[in-house]
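Per Swiss-Prot, heme b b562 binding site is recorded for H83, H182, and the stated evidence type is similarity to another entry. Residues or ranges marked as heme b b566 binding site in Swiss-Prot: H97, H196. The ubiquinone binding site feature in Swiss-Prot is assigned to H201; the stated evidence is similarity to another entry. Taken from Swiss-Prot, the feature transmembrane segment covers 33-53, 77-98, 113-133, 178-198, 226-246, 288-308, 320-340, 347-367.
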Amino acid sequence: MTIMRKNHPLLKLVNNSFIDLPTPSSISSWWNFGSLLGVCLIMQILTGLFLAMHYTSDTATAFSSVTHICRDVNYGWLIRYLHANGASMFFICMFIHVGRGIYYGSYMLSETWNIGIILLLTTMATAFVGYVLPWGQMSFWGATVITNLLSAIPYIGTTLVEWIWGGFSVDKATLTRFFAFHFILPFIITAFVLVHLLFLHETGSNNPSGLNSDSDKIPFHPYYTIKDLLGVLLLLMVLMILVLFFPDVLGDPDNYTPANPLNTPAHIKPEWYFLFAYAILRSIPNKLGGVLALILSILVLALFPLINSSKQHGLVYRPITQIIYWIFIANLIILTWVGGQPVEYPFTMIGQIASIMYFSIIIIFMPMASMIENDILKLHY
């Protein structure tokens, strides 16, 4: 069997990726989230497939079909809530994964990092079109508001929006195409994940110390397969507590009301994992400016490899940048909270300050801290 897994064309790929992969011996539990994201993706594809068997992408029956899944299909309620809350777990793992990449300087593996940004954007697109499918009030109005932002693009904006809608408003054509997008995008994500892993295995994993670990590596199996299994069990435990005890805690009550184009909800807001970007969008009074800020809030991550001027890898031995990093995390939490609040004083002001802070920390304060730390190092050596 040993010879077969090392020589067989297909098994050799699996062997080099998950069994005999040389891995740094010092990587901590923060490195577990890559495998957890893989588990989340597989789970979302499987639960989504079973939901798609019973769902109808028609404005007249979409809401009823979701109700039918929950009431009449065997364990349909479980599949539906696993899928909905699985998306939340997916984003929690993804945000931690990106946060770990920033903290430990993993962005210096620039190809892997850039594919990761594409993955984040694709996942956000998938989650957005998926949220429209139950055809509740928040589904309909969320789709209307967010797609309408494209009309801010000069000259072609209005035409583009009508092209995406398939008409002059969000209607049957929109729902059908969003279902098609929601079905195909996870497979595109899977392809990008393979490219992400391909680039990662070209360079090897980073590690908490930020030093070269070529001299101290261990095989991935059994050491990290067991460690990842513990992470998977903890993830599933949290997910099952969420699904079985608090299935609607992360959802919006408005989505239990069928979509009605004549009645606007009091507060239109997306799912919690988009609230930070939504807060940045809302904090700019100009429509086009808001859209650009929304896109840049994710694309700004691509600047990390370019503006990094530190002599050290990661933030482990950089106390000034560490403080700035944790202010950045706190700022993100504030943005998420503000995104869910109504558009009125003081929330608008807090949102604007937090949005300025978000970009300033990445573009100004972190590079400045790196330069100060480099100077301190020069004084010592």
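Just so you know, glycine gets a Cβ as well, placed from its N, Cα and C.
The recorded stretches the transmembrane segment (347-367) and the transmembrane segment (288-308) share 3+ CB pairs below 8 A when only pairs 6 or more apart in sequence are counted, and are therefore in contact. In this chain, the transmembrane segment (178-198) does not touch the transmembrane segment (77-98); fewer than three CB pairs sit within less than 8 A of each other, excluding pairs fewer than 6 residues apart. Note: the stretches the transmembrane segment (178-198) and the transmembrane segment (288-308) are not in contact (fewer than 3 CB pairs below 8 A, sequence gap of 6 or more). Comparing C-alpha positions, H182 (heme b b562 binding site) sits nearest to H196 among the binding-site residues H97, H196, H201. Around H182 (heme b b562 binding site), taking its Cβ as the centre, 22 other Cβ atoms fall within 10 Å, counting all chains.
The transmembrane segment (113-133) and the transmembrane segment (33-53) are not in contact, since fewer than 3 Cβ pairs between them lie under 8 Å (pairs 6 or more apart in sequence). Around H196 (heme b b566 binding site), the same-chain residues six or more apart in sequence whose CB sits under 8 Å from its CB are T112, I115, G116, L119, listed in sequence order. With a threshold of 8 Å between CB atoms, the same-chain residues lying at least 6 positions outside the transmembrane segment (288-308) that come near it are 98, 102, 105, 107-108, 110, 113-114, 117, 120-121, 124, 149-150, 152-154, 276-278, 280-282, 355, 358-359, 362-363, 366-367, 370. Cα of H97 (heme b b566 binding site) to Cα of the residue listed as 'ubiquinone binding site': a span of 17 Å.
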